[in-house]
Structure formats: C-alpha cells, structure tokens
C-alpha cells in the first residue's frame, strides 16, 4: 500500500498580521486531516512596509523584491517551527504551498500580486514549493479569487443540504456548497480590514481584541446606510475585492469628523455582518447552516451582529464542528492546493471565480 503524504500550507492574508503554516495529510487527492499549526507574527516594520506598497509610490519594484525575500525568510522560519513541533524533517514533506502576501488585486486588469520569493522559499525550506496560485485562474478569465471554495467543497459539502462557509479575514468571502451542484463563492466585502484600520488609527492597536472597544459604541444608522449603498454590493457574482476598494480613506469620505470613535467601530462591525447576511440571503437563500472560519470568529461583537442579522434563518457554527480549527482553514487550503498540483488535479473553483474552465493552479519550484 502506498504511504500517505504530508503537505504544508502557508498563508498570510489581507489583515497582514502574520503567517500561518498548517500541516495536512493526504492520500493522493483525498483529504485525511490537519495535524499541526505554527504562526509567526509580522514585525511592525514589515507590516508598515507592506501596507505602504498598497499605494503607488517611488521605487515599488525594488521594494517589492526586497520585501518578497524578507517574507520568504519569515515563511521558511514558520515552516521550520512547524516541522520541529511535529518532529519532522523537510524530507518528510511532499510539497509546500505558499499563497504569498497580496499587495495588489486588480482582476479588471488581469493581475493579482502576491509577494513571495518562491525559489528562495524552496531553498530555505529544502521542500518542493508551489505558489503563484491566482495567476492561472486570471489567465483563464477568472477573478483569481476566492480560491478556497473548491477546498471547502472537498471538506465540508453535505449531500443532504446547502451549506455556506464564511471566511472572515481582512476581506470576508463565502463559499456556497449545494448538495447537487458545483460550489461557488465570492468576496462579500470588508471582513476585519476596516475595523482593524480604524482601531490602528484611533487607538494605535493592531486590532480590537475581543471586540472590547466596539462593544462600547452604538450603531450609527445613517453611516451604515451610506456604507451599504456602495455599488460593489449590488454587483452580481463572481466578484472579488480588496484594499484597493475598501480602505480607510474610503471610509473617511463618509464621515463629518464629529463621530464618536467607538460608534464608528461599532458601525463597521454591523457593516461587515450586514453585507455577509445580504450576500448569503441573495446567493444561497436555501442555506440553513453556515460554518465560520478566519480571525473574525474571535470577535464576539461581530459574531453577535451576524447572529442578529441572520436571526433564526441560518444557524451559525465554527468549522471546528467539522473537524478543522477556524484559524487553520486558509493555510490548510493552500496545502491542499499544493497536493492538487502534485496530483495534477484541477483545484480552481471556476464557478466561483468566473474562469472559463477548471485549472491546475500554481507553479512549482525545486530546491
């Protein structure tokens, strides 16, 4: 009997808080489970430099290459810590899948930029490395995002009912998993991104831990209505978005300057929840169960807002109820995509991205 294979996935999302690495076990293209996790936070200087690259400026090409190398060294460190925690050697790993750090996402121009020096990462880890997952989907006419619905379908689909899977990172995205049709999904809009940016600007904290500051505020109905009127939310799917559309300077155009900072933060929580609810109600009206993953699940104010918006129509759960830690899901998805690459299995959720066909995503690098 052929032995099972181990893969590592590394993910750093639009929240730009650090890198997650997850170890998974596969039997060819069959998922067997996730076995370990490591996390390395971004140093403050690195995070600031990455955020600076979101805006056009001088010497972007040089800065992007230097940051790609720094990120890849940090990714390699995270992978090494994961291997050490599991008493494994690089030779035990079939492949490593690395998403990289998104700094520009422009599907309307046919590109999405994730920083990672993949040959350097392969050299540092001494593991065959797969990356640049979004480019193949974009080349086939897709949005290049979200890429996780195919993974969600492989793990979480139920043949009796429609399920929704919600990932709340910097951007929130949903996967809709019908029992008898292909999975699809899209970005619903901001997840934690605006809340984090507001918290950083007004309290000099990386994020609102446990929603403690939002809990002290009140929802501003007029502000909420103005935010919800953004045309993105009326666009049909497939669609994807990012900081290019929903940055702090966008929010500030709706403020008169006299708002209480706690009230604005509280309103942003409801804004995320309402856009998710509207998206699910429109695209998956028959879904009665929604499984949540990503950093947003740790914010009790946001979770309460989601529960209030959905009411009794949809039951909310953690992906832990389906045997995958909500903090591990995205990194595990890129380990799974690396396994798809190795086994020549199309991993693209083309019904979610709008690509013309299923594609084998990524490019491989030997060490």
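Glycine is no exception: its Cβ is also placed from the backbone N, Cα and C atoms.
For 13, 14, 15, 16, 17, 18, 19, 20, the entry in Swiss-Prot reads ATP binding site.
Annotated features taken from Swiss-Prot, shown on the structure.
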| residue | record | contacts (Cβ under 8 Å, 6+ apart) |
| --- | --- | --- |
| 13 | ATP binding site | 102, 169, 170, 171, 294, 330 |
| 14 | ATP binding site | 102, 169, 170, 171, 191, 193, 242, 243 |
| 15 | ATP binding site | 169, 170, 192, 193, 196, 207, 295 |
| 16 | ATP binding site | 42, 47, 50, 51, 101, 170 |
| 17 | ATP binding site | 41, 42, 47, 206, 207, 295 |
| 18 | ATP binding site | 12, 39, 40, 41, 42 |
| 19 | ATP binding site | 10, 11, 12, 39, 40, 42, 71, 74, 75, 78 |
| 20 | ATP binding site | 10, 11, 12, 37, 38, 39, 78, 327, 328, 330, 331 |
Beyond the site residues 13, 14, 15, 16, 17, 18, 19, 20: chain residues whose C-beta lies within 8 Å of the centroid, for ATP: 11, 12, 42, 101, 169, 170, 295
